[in-house]
């Protein structure tokens with residue numbers, strides 16, 4: 001009995017000694033590897049050059065990250081500002097150096113040379129096809145035109161909000177909208193949209209799926225169409241695909257690095273009437289004007305206040321879309 005107990009104790013002690021030896025050996029090996037690795041890094045670092053590559057997020061993407069400190073003072077020192085204006089403005093001003101003048105005026109407000117870009121567009125309808133909002137902050141000057149109220153409203157809805165879109169193959173599939181945030185957006189030189197709602201047996205409601213002439217025409221020869229149909233109902237869609245593209249889109253929320261300044265007009269376009277705009281708030285500003293020089297002077301004068309209520313390349317579901325009016 002005594003011999004068995006001694007053997008057990010000796011076996012336990014030998015195991016402890018062996019385990020301790022193994023742990024010490026592993027520690028020395030790890031120290032050797034780590035120190036050698038650090039030595040190689042330190043030795044080679046003066047001879048290596050590396051670049052940190054980031055992800056280039058699209059302007060229409062839903063992955064934009066909010067900048068917490070975007071409202072701090074002097075944010076324009078490291079930011080870019082795009083000011084979009086119609087061709088009419090440059091025609092009326094008729095001065096070959098007017099852009100240089102505007103740049104110098106922006107400099108007095110703290111925007112350094114090279115940070116402000118003046119971009120011209122022909123008209124609202126052509127601008128709506130491809131806005132190209134590339135800057136950290138984008139301000140669009142949009143002159144009020146009573147005949148283009150619907151186009152102005154749709155353009156505002158398009159660029160003041162984030163959209164997640166997928167192409168639609170209308171030749172093969174039926175489509176339905178799931179909720180109020182789900183819209184069909186068409187863009188092109190000429191978009192004519194016709195729809196035929198279907199019942200549960202995929203038969204047309206008030207139309208024949210085999211006869212496009214019986215479809216309901218919801219848009220005719222437009223450049224931008226944001227179309228809303230009855231939710232939860234399949235539709236057969238007909239579109240002039242040769243001159244127009246159509247996408248199934250979901251409104252994600254306001255795009256806070258874009259502002260629209262409505263120039264003139266007795267009416268103010270209210271895009272907050274759309275139930276998908278939450279909360280139901282709009283920020284507006286208004287002044288009297290007669291010349292485009294007055295418009296640009298006002299924009300320069302108020303630019304820092306405008307930018308302070310925007311967010312640099314961000315999207316927030318807790319803030320409203322920004323719509324300004326001169």
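Quick reminder: no glycine exception, Cβ is built from N, Cα and C everywhere.
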One of 177, 201, 262, 294 listed by Swiss-Prot as binding Ca(2+) 2 at the site of 228, 229, 231, 301: 177
Number of Cβ atoms other than its own within 10 Å, given for residue 177 (Ca(2+) 2 binding site): 20
Fewest other Cβ within 10 angstroms of its own Cβ, chosen from the disulfide-bonded residues 82, 244: 82
